[in-house]
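Undergrad: Take this structure first; my questions come after.
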Amino acid sequence: MTGSVTVRVPAKVNVQLAVGGARADGFHDLANVFLAVGLYDEVTVTPADALRITCEGPDASQVPLDRTNLAARAAEKLAARYGRRADVNIHIAKDIPVAGGMAGGSADGAGALVACDALWGTGASRDELLEICAELGSDVPFSLVGGAALGTGRGEKLRVLPVGGSFHWVFAVADGGLSTPAVYGEFDRLNEGLVMPEPVASGVLLEALASGDVPALAAAVSNDLQSAALSLRPSLASALAVGVEGGALAAIVSGSGPTTAFLVADAEAGAKVVDALVAAGVCRAARVAVGPVSGAVPV
Ligand SMILES: C[C@](O)(CO)[C@H](O)COP(=O)(O)OP(=O)(O)OC[C@H]1O[C@@H](n2ccc(N)nc2=O)[C@H](O)[C@@H]1O
Ligand SMILES: Nc1ncnc2c1ncn2[C@@H]1O[C@H](COP(=O)(O)OP(=O)(O)OP(=O)(O)O)[C@@H](O)[C@H]1O
């Protein structure tokens, strides 16, 4: 087949991230309430002689262009399953912060999978695609699905959640990334010797999402990885404090960080929080986004 296919994939914020103890396989059981937000990467696949990756965007220099890139791994897994070669050029237009706790690499994995599936006309079922996503990483199935979902297991088993409105967010992008395994490792160190309760989703939080109740969601957001991210990067506390002083209704570390996320009442309140963050110099960039939005879709 000739031509090319472009797929747009959103970032995520975890409105609740409840983390259990470390499992025998090194992962942690989660109750992970994902919300897809309108910051996007675009993944374009074009037929080529061999697999090649290119990337553009402010963080492009931090993105691996070899076969460790989740987009390349996605193309190779799909090709292997359908007995063909992954002979495509994959171009990533990257707007999601790299290693920022917003599932940027996962977005590219899901995007490349959907794009190659369309380009090659494999006819793979949604469940097959989700199975490949789960092999690629715990966050990847959600990048495919988007909207809002509860992730259990290591975060890969999804239940779609109803959302009754739109939520406005500000994201403070930090200088440098944080490694997800390092943050989970720090979580284990901080909780050493404690018996960890089974992670459960908060009923109050799910109700706030379902009814679109912004103040109720603000009161309920939580992230069990926040202490670990702050322990590794104490400067994030200043960003959280500045956002709250600037009028945010809630301030949390996004996933494993170091991006910090601020829930605000509306676009106007978001602009004030952006101004406060920029004026205080506590972040590399401040971005606004609304969620929920769709998952990986061809454009
Ligand atoms: C922090 C979150 O972004 C919240 O959504 C995710 O839990 C991380 O998901 P991810 O980046 O897709 O992570 P994976 O690529 O699956 O795993 C990377 C590493 O993170 C740790 N990890 C990840 C997920 C999980 N439930 N428990 C873990 O302990 C493990 O050390 C694992 O080796
Ligand atoms: N397509 C990709 N884009 C960015 N990083 C990638 C990609 N593929 C692999 N990586 C590797 O993954 C690491 C984590 O990057 P990523 O942007 O996915 O982090 P993250 O947003 O914190 O992830 P998560 O929120 O899922 O834990 C990078 O440092 C990079 O080495």
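Every residue, even glycine, has its Cβ placed from backbone N, Cα and C.
According to TrEMBL:
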| type | residues | note |
| --- | --- | --- |
| ACT_SITE | Lys12 | active site |
| DOMAIN | 69-147 | domain 'GHMP kinase N-terminal' |
| BINDING | Pro97, Val98, Ala99, Gly100, Gly101, Met102, Ala103, Gly104, Gly105, Ser106, Ala107 | ATP binding site |
| ACT_SITE | Asp139 | active site |
| DOMAIN | 205-281 | domain 'GHMP kinase C-terminal' |
Undergrad: Neighbour count, 10 Å Cβ-Cβ cut-off, for Gly105 (ATP binding site): what number do you get?
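TA: The answer is 27.
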Undergrad: Can you tell which of the binding-site residues Pro97, Ala99, Ala103, Gly105 lies nearest to Asp139 (active site) in space, using Cα positions?
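TA: Checking each of Pro97, Ala99, Ala103, Gly105 against Asp139 (active site), the shortest Cα distance is to Ala103.
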Undergrad: Around the ATP site recorded as Pro97, Val98, Ala99, Gly100, Gly101, Met102, Ala103, Gly104, Gly105, Ser106, Ala107, what other same-chain residues have a C-beta within 8 angstroms of the site's C-beta center?
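TA: Neighbours found: Ala11, Ile96.
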Undergrad: Neighbour count first, Cβ atoms within 10 Å, every protein chain included; then name which of Ala99, Ala103, Ala107 tops the list of binding-site residues.
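TA: Most Cβ neighbours within 10 Å: Ala107.
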Undergrad: What is the number of other Cβ atoms found within 10 Å of the Cβ of Gly101 (ATP binding site)?
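TA: For Gly101 (ATP binding site), the 10 Å Cβ neighbour count is 30.
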Undergrad: Under 6 Å from ligand 2 by Cβ, which recorded positions from Lys12, Ala99, Ala107, Asp139?
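TA: List returned for ligand 2: Ala99, Asp139.
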